[in-house]
Amino acid sequence: MKIIIEKNYSDLSKKAADIIEKEIKNKPNLILGLATGSTPVGTYKELIRRHKEEGLDFAKVTTFNLDEYLGIPHDHINSYHYFMYDNLFKHINIDEDNINIPNGNPENVEEYCKSYDEDIEKQGGIDLQILGIGENGHIAFNEPDDKLYLGTHITDLTESTIRANARFFDSIEEVPKKAITMGLGSIMKAKKILLLANGKNKANIIGKLLKDEVVSTYNPASLLLLHPDVTIILDEESASEYLK
Ligand code: F6R
């Protein structure tokens, strides 16, 4: 596991964009796993800048997003579909046919979840997976529990996640209580993983993850300790407990 500590969020975002750019240049038809949330927004902004100013080419890139709220319309301002178009896709030259985001309103949930994992497999698996981390250690929406699912599945969001995500909604009651998410198995199959964390609110979980050296389903991110190619980029605030 490679740990990179950058001074601030802006430097973290540039470093993450460097890594993604390098992978795209090495393999123009990269299969890129993407996350939503606040953490990768700066990275996406930097990728957009590099596309517009330096010609970074997304024409052959295929993306798979980690998760989507269940029961929320595609065009809802808080859907992860909306988020991805707003923060990245509509600003770059990605082919719309190459964008995959879990459908928050599938007709047959079980079949749909299976097909999402099959689509990833058909592409030869994810080359580089971008991840954020929840304050409770969740990755994608794999929440702390006594068991974790391997494949894409429907999950209940925990109180902690609902509270954390309420900042995007008018009221906490509006936050969906369920989501569709890639499972730990799908994530762990990615060839490379890039986990980003910034800010004081991530310091505790990052300290626990990197200092305890324990794998537990109650800290889903700890499974990444078993992956052979993980890079973690932190800013100084999120690294503060780790460095103590
Ligand atoms: C989002 C996702 C979540 C977030 C996590 C951190 O697609 O998978 O696991 O990465 O909740 O969210 P932020 O970045 O908003 O702190």
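The count begins at 1 with the first shown residue.
Backbone N, Cα and C define each Cβ position, glycine as well.
The C-beta environment of D67 (active site, proton acceptor), restricted to residues of the same chain at least 6 apart in sequence and closer than 8 Å, consists of T36, Y80, P102, A140, F141, A179, I180, T181, M182. The active site, proton acceptor annotation in TrEMBL covers D67 (among others).
Per TrEMBL, active site, for ring-opening step is recorded for N136 (among others). Under 8 Å, Cβ to Cβ, and six or more positions away along its own chain, N136 (active site, for ring-opening step) finds E143, P144, T158, S160, T161, I205.
Annotation source TrEMBL lists active site, proton acceptor at H138 (among others). Cβ neighbour count for H138 (active site, proton acceptor) (all protein chains, 10 Å cutoff from its Cβ): 25.
Sequence annotations record features per position, and here TrEMBL assigns active site, for ring-opening step to E143 (among others).
As annotated by TrEMBL, domain 'Glucosamine/galactosamine-6-phosphate isomerase' applies to 11-224.
Close to ligand 1, meaning a Cβ under 6 Å from one of its atoms, are these of the active-site residues D67, N136, E143: D67.
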